[in-house]
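As recorded in TrEMBL:
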DOMAIN    111-280  domain 'Mur ligase central'
BINDING   GLY113, SER114, ASN115, GLY116, LYS117, THR118, THR119  ATP binding site
DOMAIN    303-413  domain 'Mur ligase C-terminal'
Amino acid sequence: MGRKMRKLLVIGGGKSGLSALELGHFMDHQCFLYDDYPEKIEDNTRLFLNAYGVELLSSEQVKKVDFDTVVVSPGVPQTNKIVKFFLEKNSDVISEIEFGFRYLKGNVIGITGSNGKTTTTAMVGHIMHGEEETAVCGNYGYPFCKALIEQKFEGWYVVELSSFQLELIKDFKPKIACILNLSPDHLDRYNSLEDYYFAKFNIFKNMNKNTVFFANADDDGLLNYRDKLPSFTRWIGEKTLPIGVDEKGIYYERNLILRSEQVRFKGLHNLYNAAFAISMAHEAGIGLRHCVEKIRSFNPIEHRLEFVDIIRGVYFYNDSKATNFDSVKKALSSFKNIRWIAGGIYKGGDFEDFYIYRENIKKGYFIGDSAPIFMGKMKGIIDCEISINIENAIKHAFNEANPGDVILLSPACSSFDQFKNYEERGKVFKNLVKRLKDEL
C-alpha cells in the first residue's frame with residue numbers, strides 16, 4: 001500500500017498562494033485552494049489549478065476536510081472566517097514563507113522594516129550577484145516558494161519580508177536578517193500599532209547568537225522597542241562600529257569608504273539602506289571592497305524616488321511606492337521647491353509629520369479618495385488644491401512650475417481607488433510625463 005499523501009490547503013489564490021500550491025505539488029501533497037472570491041479567479045489561474053490537480057473548495061467543503069497543513073496567503077488577514085476556523089481548530093496554520101522554509105536547503109537573508117525593504121533587498125542582490133548563488137525573492141515580486149522550485153540551489157535566498165508574510169511564523173530562521181526601521185503602516189489591517197510592530201519582530205523569533213541580526217540605531221520606532229530586540233543585535237547608525245552612516249556617506253571603522261556623491265541614489269535614508277546591504281552581504285562572505293563598488297553602480301528602484309525626466313527645467317520624480325507617511329517624509333526631505341502630488345486610499349497617519357517640510361513644498365496637488373482629507377489637513381499649512389487625478393495634477397503643477405521645481409508623485413496612500421497597484425500608478429505617471437514632453 002502506497003504512502004498516504006499529506007493534504008495541503010492554501011487560503012487565497014494570489015501569487016504567493018499559488019507558489020505554495022506549486023511547491024506542495026512537487027513535494028507530493030494533495031493540494032486544495034480556498035478563496036473568498038472564487039468568481040474572480042482568472043482563467044489562467046484555473047488552468048494552473050487544473051494542471052496541478054488542485055481542487056477548489058467552497059466555504060462549506062473546506063471545513064469538512066482534515067488538512068495536514070494550512071497556508072495563509074499574505075493578503076488574507078487572520079480575521080478571515082476560514083482562517084479563524086482553522087486557528088480555533090489548532091490546525092497547522094502557517095504563512096507561505098514558513099511553508100517554503102520547511103523545504104529550504106540554502107540560507108536566508110531576511111529584510112524587513114516599514115520602509116526601504118525593496119531597495120535594500122535589491123542592493124543585497126546586486127552586491128551578491130555573480131559572487132554567490134543568490135535568489136532575490138519574497139515581497140520583491142518573486143514568491144519565496146517559487147524561488148525554491150526554480151532555483152534548486154543551496155546558496156542564499158535574499159527575502160524581502162512584509163509584516164503580512166511574517167505572520168504565522170513557527171520555525172522560520174534567517175541566517176542573517178535586519179529591521180531597517182519602524183513607523184505606522186497597515187493600520188487598516190492591524191488592531192494596533194504594536195500588533196503591526198510585533199508581526200515585524202517575528203523575523204528574529206527563532207534567531208540566536210549563531211545568526212546575525214542588524215537594526216537601525218537611529219530609528220526612534222526601533223529604539224522605543226529596544227528591550228524587545230535580541231541581545232545579540234548589531235546596530236547600524238551614525239555612531240556605530242564597524243559600519244556607520246551619515247549625510248557624508250558610509251564608514252568602516254570610522255573611515256569614510258563610500259561618499260554620498262559617489263552613488264546614483266538620493267537621500268540619507270538610501271545611505272542607511274546601503275549600509276545595511278553592505279553589512280549583510282559582507283556577513284554572507286562578500287569582500288568589503290566589492291560591496292562598496294557594487295553599491296556605487298546600483299541604480300535606484302523603479303517607483304522609489306525614481307527620476308523620470310526634466311522638461312523645460314522642471315524635474316519629475318516618481319515615488320509611487322511611498323504608500324505611507326514615513327516614506328513620504330523621506331521624499332519631502334530630499335528636495336526643495338516641491339510640487340507634491342499625493343492621495344489615494346488613506347491608511348492612517350499624522351499629518352503634522354509633514355508640517356516641518358512646508359518650506360520645501362511650493363504646492364500640493366491632491367488626488368483620489370483621500371483628496372478632501374489631505375486638503376482639510378494641509379490647507380493653511382501649504383498652498384494646495386484638489387486635482388482629482390494624476391493627469392490633472394501633472395498639468396496644473398507643470399503650468400505653475402518654474403525651472404528648478406520638482407514635481408513629485410509621493411502619494412502617502414495605497415492606490416486601489418484609481419489603480420490596480422502602486423506599479424500601475426507609477427507607470428501612468430511616467431507615461432503622462434512622456435506625453436507632456438511629446439506635446440510640447
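The backbone N, Cα and C atoms fix where each Cβ goes, glycine too.
Around GLY116 (ATP binding site), the same-chain residues six or more apart in sequence whose CB sits under 8 Å from its CB are LEU180, ASN181, HIS269, ASN270, TYR272, ASN273, listed in sequence order.
Looking at ASN115, THR118, the binding-site residues in this record, the fewest other C-beta atoms within 10 angstroms of the C-beta turn up around THR118. Using a 10 Å Cβ-Cβ cutoff, GLY113 (ATP binding site) registers 28 neighbours.
Shown in sequence order, ILE111, THR120, LEU180, ASN181, ASN273, SER327 are the same-chain residues outside GLY113, SER114, ASN115, GLY116, LYS117, THR118, THR119 whose Cβ sits within 8 Å of the Cβ centre of the ATP site. Its own atom aside, the Cβ of LYS117 (ATP binding site) has 23 Cβ atoms within 10 angstroms in the protein chains shown.
The helix, strand and coil residue counts that DSSP assigns across the domain 'Mur ligase C-terminal' (303-413) are 34 helix, 35 strand, 42 coil.
Confidence for the domain 'Mur ligase central' (111-280), expressed as mean pLDDT, is 94.
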